[in-house]
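Encoded as structure tokens, the structure appears first; notes follow it.
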Amino acid sequence: GTAHTDKELVSSLMQRITLLEQKIEKQAQEIKLKDRRIAELEEKMKTLQKGEDAPDSSAVEELEMRCLELQTQVWEMERFLNDYGLIWVGEGHDQLEDSESLKDEELTRSLWKPGEAVVSKHQIDFDLILENVKDLNVLAGKNTCYIEHTPGGARLRQPEPLSLTLYQNGIITFSGAFRPYEDPSTQQCLQDIMDGYFPSELQTHYPDGIPLQVTDRRDMVFQERHLLPGSFPGQGQVVGRSKSSEVQETTEIPGPKLPLEKFLNKLSESSEHSGEAMSVQDSARAAQQSSDGARSSKEILVETPRLAALERTKPAEEAEASAPAACTLRIRSESGEQIYTLRMLVKETIGDLRQHLACARGGDSDSYEIISTFPQRVYMDNSRSLQECGLVPSASLLLRRR
């Protein structure tokens, strides 16, 4: 019985040892597979790490091209500055930080909004305006002469400057009306000058610029006249008091007053009336000569055969009775300094009138034109009678140089 028990025990141990050996062998194979897997994963990890560290070739080329473009641009900018004798010094790190912090605020201020003025009264730099006007006058050719062609040849002439007066509350340009600073056109005019340009409102008439003559009256307030009927236009003074004020007041429009002839020479427009041309110069001269009573003109009585015969043969009453057969003409010379009074038959012609004027003036009868103002008309046909021309019983005429 004991021997049988030992055999069973040995057999059981052998079975267990066999199972353990099988299990160990199986585990050894699994370990080998896992080691192989780990090795493969480590190799992949190394490969990925090498790929991340290595830069992309296309990105490198793009960065190199961008760097070359920037270098070329910097070189061109330095060459441009060098042509004008300038050197770019750049900005410090602190200045760049400050500029970035104020960038949004400056951008908001610089943006223009509808309804806001271009330049306010407190932003007007009078000294800058005076300094820029000097530079603009040099560009416009101040103190330089140009050749002006005249009917008799040519002459040297300097450009006439336009006046600009600066007041505390506005400006007066070109001897015109007062323009307050609140006016958008005034603000634009001053802004153009402060920016170093000619006023844009002058570009149409003076595309090449025009010299400006500035009068600085910034310490004076211009007062426009708004008088009531019967009000006293002057300023009152109180007895025992003295008027003291740092700011003066004025109502006078600055600028030289042009003589009539010089003003008329500036007019070059013309109008048409009844198919015959009548220049604006003649209309203005006629209106000025007829309305200006203070201007002295020399009256010249021209002796005509008809007038002499009537005075010898008939008394004054009969002469008045026969007036419808004659007409009285008052003719003003080209300069307006002489007035010729003629009495002629209504049947006499424009040619007869020219002959009488030639005898009185001692000049050529074809060097001038005979015109009327109202209606505007030029009498060029020497064969037409005075009655056909509508110059009866009296008329006022003008002489105009051809």
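Keep in mind that glycine also has a Cβ here, set from the backbone N, Cα and C atoms.
Since we're looking at a predicted model, the values are computed, not measured.
The feature coiled coil is assigned by TrEMBL to 10-51. Only residues 6 or more beyond the boundaries of the coiled coil (10-51), in the same chain, are considered here, and none has a CB under 8 A from a CB of the stretch.
Annotated compositional bias 'Basic and acidic residues' per TrEMBL: 259-275, in sequence order.
According to TrEMBL, the feature compositional bias 'Polar residues' maps to 280-294.
Per TrEMBL, the feature domain 'SEP' maps to 159-223. Assigned with DSSP, the residues of the domain 'SEP' (159-223) fall into helix, strand and coil as follows: 14 helix, 22 strand, 29 coil.
According to DSSP, the secondary structure content of the domain 'UBX' (322-399) in residues is 15 helix, 31 strand, 32 coil. Residues or ranges marked as domain 'UBX' in TrEMBL: 322-399.
For 327-402, the entry in TrEMBL reads domain 'Ubiquitin-like'.
According to TrEMBL, the region 'Disordered' annotation covers 227-302.
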